[in-house]
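Peer 1: Okay, handing you the structure first.
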Amino acid sequence: MAAVGPPQQQVRMAHQQVWTALEVALRVPCLYIIDAIFNSYYDSSQSRFCIVLQIFLRLLGIFASSIVLILSQRSLFKFYMYSSACLLAATSVLVNYYVSLHIDFYGAYNTSAFGIELLPRKGPSLWMALIVLQLTFGIGYITLLQIHSIYSQLIILDLLVPVIGLITELPLHIRKTLVFTSSLILILNTVLVLAVKLKWFYYSTRYVYLLVRHMYRIYGLQLLMEDTWKRIRFPDILRVFWLTRITAQATVLMYILRMANETESFFVSWDDFWDLICNLIISGCDSTLTVLGMSAVISSIAHYLGLGILAFIGSTEEDDRRLGFVAPVLFFILALQTGLSGLRPEERLIRLSRNMCLLLTAVLHFIHGMTDPVLMSLSASHVSSFRRHFPVLFVSACLFILPILLSYVLWHHYALNTWLFAVTAFCVELCLKVIVSLTVYTLFMIDGYYNVLWEKLDDYVYYVRSTGNIIEFIFGVVMFGNGAYTMMFESGSKIRACMMCLHAYFNIYLQAKNGWKTFMNRRTAVKKINSLPEIKGSRLQEIDDVCAICYHEFTTSARITPCHHYFHALCLRKWLYIQDTCPMCHQKVYIEDDIKDNTNVSNNNGFIAPNENPNLEEAVREDAAESDRELNDDDSTDCDEDVQTERNGGIQHTGAAAEELVNDDTD
């Protein structure tokens, strides 16, 4: 039995995937209907009643298509079963009408498209084909409507009655009566069956309504929309809709090209192929739904690109898997901001290419945010394997070279404008980020190579990071000015104004606030460390112990806290970025009044070294009091993220590039 389990599970999974794919395929026609309604036009010269009637029918079609789109899987399958049954009934009626009244069985030819005669002139062969066709329609009709009584046989007989009239060569008016009677009976039966099913439809609709109302009251509108989005697999529906639409258009255009060139070959020239691609791209973003479909396709490409890069560099961070979400959202916002679907075809192609350049720079910024933590982690942990370092360094080199190539190509083909200025600024900013990351990486690798305590390392890292952050802040201010110029003089819009406000808040105000806060925290810690007494020289030899933070010996000096514990000044400073307590006993490091009356200094293991300075306690008390009066006590509880994550290989925040890019899209 154990050997049967895995195959059964695979069969079950395959069965589930087939039903999922079928469900997605059945929801796609709803998007085609909605897209056709949105893209349709009406004549404004008509009467007011006709215009109102057209608007009402469009709204009704959009509402009905939306309802079918969000149906549950079971209800969706039943809806298509009943719709297919009605379609088969209508087809059967039309076939009976056409064959009975418009075809001469004894004089007609039944030939294929290649001129080959499939059936003889005589009528019996056509009668047999018609009987088989009507039997197929009837069996499919009663199967889809699940009719299992004697009425199913009567329905099939009803469909065959007009054929019997043909075989017996009844007069034309009698054949018309038979076709009309057969059609009327079939329509009445369909209405009766659907009326019986109406009770199920009512209870199903009522259940869905109560469920939606219950979820809305408990979880809110946002979670309700997220649940519906995931339940119906809307991104997959958008992808299938966009890809099938593009495929159908490509097929039609290829047929037109073949007819225009009068050739039977499937191969076209390069110029025709390029025109075909341009036409497909232009028609692939001519409405809001098609822009959403293109965004869904971009989401898949970006998702697998992000997974490939993560696997290549060896990262396991879950937050770095958001590229498949960031890229389509950014593309859609850019499309709305520039009015992509409402532009003329030639302008739409140019605007789309510019948006894709901006999107490419944003993706490169996000990839840098994925590689930078891995680079810092490898250097800070002193990993010596070149095979482990090479993928990250290779990706970093590509992130440095690709923006330069992109800027060169754009400057070679386009004149300077606000859009080109924005793309170039993002490329330069990315190159500077890569240089900062590689510089910090080099500093950590040098520190690991010498394998000694480098007390100035964190200072150098802080200076490099601060320089990069200052340059990034300057770029943010410049991009805000560029976006303001574009909004006022080139193409202003409400969405652009909102994006500029978000950019000013997140990428300028918050970045400046956090940078100043980091600077003050560092300044506070340095001042408080300098206020603590320091032990040097021969006194260090009397204390046979290591620093309780880094577990390294004291080689040059040590700082003593008021609770008589001692640490490296660098280690204690990094600790004070997090909290203002002693790492050993969790007492306040800076006390104004309550320093114990003790003339000796104890080490971390309890060893007491004689105090050579009788005024040590008074000096500690005065320095601590002065420091606490000058600085805010709350600053000592904040964390300098840049310096703290360097030694621990943490993740640096890199999400600001996408927000900057949305605001700085220009014409």
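Cβ atoms are placed via backbone N, Cα and C, with glycine included.
Curation does not apply to TrEMBL; its annotations are automatic.
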Peer 1: Any idea which of 270-286, 355-371 is down as transmembrane segment in TrEMBL?
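Peer 2: Checked against TrEMBL: transmembrane segment maps to 355-371.
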Peer 1: Labelled transmembrane segment by TrEMBL, one stretch among 21-39, 325-343. Can you tell me which?
Peer 2: 325-343
Peer 1: Does the structure show the transmembrane segment (154-172) and the transmembrane segment (418-446) touching, where I'm treating 3 or more Cβ pairs under 8 angstroms (sequence separation 6 or more) as a contact?
Peer 2: no
Peer 1: Check the transmembrane segment (289-313) against the transmembrane segment (391-411) for contact, please; criterion is three or more CB pairs under 8 Å, pairs 6 or more apart in sequence.
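Peer 2: When sequence-distant Cβ pairs are counted, the transmembrane segment (391-411) touches the transmembrane segment (289-313), since at least 3 lie under 8 Å.
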Peer 1: From the DSSP assignment alone, can you count helix, strand and coil residues within the domain 'RING-type' (547-586)?
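Peer 2: Secondary-structure breakdown of the domain 'RING-type' (547-586): 8 helix, 8 strand, 24 coil.
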